[in-house]
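Database features (TrEMBL):
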ACT_SITE  CYS266  active site, nucleophile
BINDING   ASP30, LYS35, THR86, THR121, GLU158, LYS269, ARG334  NAD(+) binding site
BINDING   PHE155, LEU156, LYS157, GLU158, LYS210, PHE255, LEU256, TYR257, PRO258, GLY259, GLY263, LYS327  substrate binding site
DOMAIN    320-425  domain 'UDP-glucose/GDP-mannose dehydrogenase C-terminal'
Amino acid sequence: MNITVIGTGYVGLVTGACFSEMGNKVFCVDIDNGKLEKLKKGLIPLYEPGLEDLVKRNYKKSDLKFTNKLKEGIKNSNICFIAVGTPMDEDGSADLKHVLDVATEIGQVMSHDLIVVNKSTVPVGTADKVKKTIKQELKKRGAEYKVDVVSNPEFLKEGSAVGDFMRPDRVIIGSDNPEVINTLKELYFPFTINHERFIIMDVYSAEMTKYASNAMLATRISFMNEMANICERVGADINRVREGIGSDSRIGYRFLYPGCGYGGSCFPKDVKALIKTAQDHDYDSHILKQVEKVNNEQKLYLVKKIKERFGEDLYGHSFAMWGLSFKPGTDDMREAPSVVIINKLIKLGAKIKAYDPQAMDVAKKYYFKNNPHVEFCDNKYQTVEGASAIILVTEWKEFRSPDFDDIGAVIKNKIIFDGRNQYHKEYLKSKGFEYYPIGNGST
Ligand code: UDX
């Protein structure tokens with residue numbers, strides 16, 4: 001099939017590259033010419049395992065094309081995916097400006113019947129707005145093409161986006177037009193070849209599913225963080241409790257890890273947007289408001305521990321920051337706990353020596369540009385020289401088994417604040433380290 005994908009961010013680029021890998025001809029459209037030129041050279045603007053190969057290979061075969069001209073893409077396709085950003089508005093709601101701008105342009109340039117598929121995370125009712133906008137533009141031109149707007153939310157995770165797209169748990173298609181549903185099933189069939197993974201529903205439910213899914217996962221994390229905080233107070237170990245409850249198949253083991261808070265481009269934004277949507281429909285979401293509150297407090301959990309250990313005034317202290325991205329496998333630092341923690345520690349007078357396997361460039365460019373209090377190091381060992389303690393916030397594999405003897409020789413205090421429960425308490429104790437994990441007391 002010939003398809004157009006508008007937006008070359010995480011979702012758009014992965015969608016375009018994966019569809020082209022299955023033999024479709026894909027036009028990726030973006031307004032950012034600089035980004036398009038880089039993509040044509042195989043330079044991917046984000047770190048995502050496997051994506052570079054996919055883009056390079058399919059671009060070379062001409063199955064994947066990059067253009068700033070929407071008209072060129074749409075002229076040659078009968079399906080058009082919208083995968084542009086929906087940033088957070090000041091009041092927490094999803095800002096639909098980009099989505100509706102795209103809809104306007106589609107209406108201005110389309111020259112035959114079109115299936116428009118929304119992949120961006122958008123509030124319930126957006127498909128209607130997109131359709132209305134396109135129809136308005138068509139009317140202005142006196143054109144009478146048929147347009148179907150479908151909701152097809154994307155569930156890919158950063159760091160495993162290509163794999164998630166290639167082997168989806170489910171493909172949700174929100175539409176009431178059987179013909180359109182069949183066309184999309186055909187397009188997605190190669191990704192679902194061994195199992196029937198299509199879930200067909202009305203467009204509103206499809207839009208809501210994406211929010212409900214992220215809200216449920218965020219709730220699990222805030223719930224576990226709250227359990228961890230209670231465990232600590234009553235002398236229980238959250239790791240054992242996690243095993244204990246995860247063994248109940250109704251609960252399951254996955255997504256049950258307490259930590260120093262969730263971040264990323266989805267959970268914080270989507271939880272906020274769903275609270276706002278509920279408000280707009282006269283419902284006060286008690287649970288989601290607390291999910292958000294627990295998470296904001298959890299991002300400061302390690303700072304609280306540090307203050308209890310060193311006092312309120314951290315002047316003269318340097319801390320080794322292990323990890324900056326919001327999770328391993330990505331260079332994304334949006335809503336990352338590391339940013340909140342570092343800024344708070346600096347406010348209290350501390351200096352930071354930071355290292356992350358992927359996110360250093362992003363950190364230098366967008367978060368701590370020319371910040372005299374933050375020093376970026378070449379590796380994890382450099383950060384600990386003369387440090388008052390190590391603070392682990394992202395569970396990259398290379399932080400899993402460091403040489404604690406080497407660290408012990410150069411660090412000022414043998415102390416670790418572990419925001420991701422990566423180490424064994426007893427082992428660290430045997431190495432002479434004070435250890436502050438999440439939800440399992442300290443040594
Ligand atoms: C998420 C959803 O998983 C995905 O389906 C959706 O499309 C986009 O949002 P992503 O933001 O890439 O994906 O990250 P994910 O792996 O889900 O982790 C989100 C956050 O939760 C991270 O900050 C992570 O550290 C945290 N987390 C995750 C925990 O604290 N504990 C867990 O057990 C799992």
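Every residue gets a Cβ built from N, Cα and C, even glycine.
Features recorded in TrEMBL, as mapped to the structure shown.
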residue: ASP30; record: NAD(+) binding site; Cβ neighbours (10 Å): 22
residue: LYS35; record: NAD(+) binding site; Cβ neighbours (10 Å): 18
residue: THR86; record: NAD(+) binding site; Cβ neighbours (10 Å): 20
residue: PHE155; record: substrate binding site; Cβ neighbours (10 Å): 17
residue: GLU158; record: NAD(+) binding site; Cβ neighbours (10 Å): 23
residue: LYS210; record: substrate binding site; Cβ neighbours (10 Å): 25
residue: PRO258; record: substrate binding site; Cβ neighbours (10 Å): 28
residue: GLY263; record: substrate binding site; Cβ neighbours (10 Å): 25
residue: CYS266; record: active site, nucleophile; Cβ neighbours (10 Å): 23
residue: ARG334; record: NAD(+) binding site; Cβ neighbours (10 Å): 18
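Annotated pair CYS266 (active site, nucleophile) and THR121 (NAD(+) binding site), C-alpha to C-alpha distance, rounded: 9 Å.
LYS269 (NAD(+) binding site) carries a helical DSSP state (H, G or I). Each of the binding-site residues LYS157, LYS269 was scored by how many other Cβ atoms lie within 10 Å of its Cβ, and the smallest score goes to LYS157. Sorting the domain 'UDP-glucose/GDP-mannose dehydrogenase C-terminal' (320-425) by DSSP state (H, G, I as helix; E, B as strand; all else coil) yields 35 helix, 19 strand, 52 coil. If you take the CA of LYS210 (substrate binding site) and look 10 A around it, the binding-site residues you hit from LYS35, THR86, THR121, GLU158, LYS269, ARG334 are THR121.
Non-local neighbourhood of LEU256 (substrate binding site): ARG220, MET224, ARG242, ILE245, GLY246, each in the same chain, at least six residues away, with C-beta under 8 Å from its C-beta.
Screening the binding-site residues LYS35, THR121, PHE155, LYS210 for a C-beta under 6 A from any atom of ligand 1 leaves PHE155.
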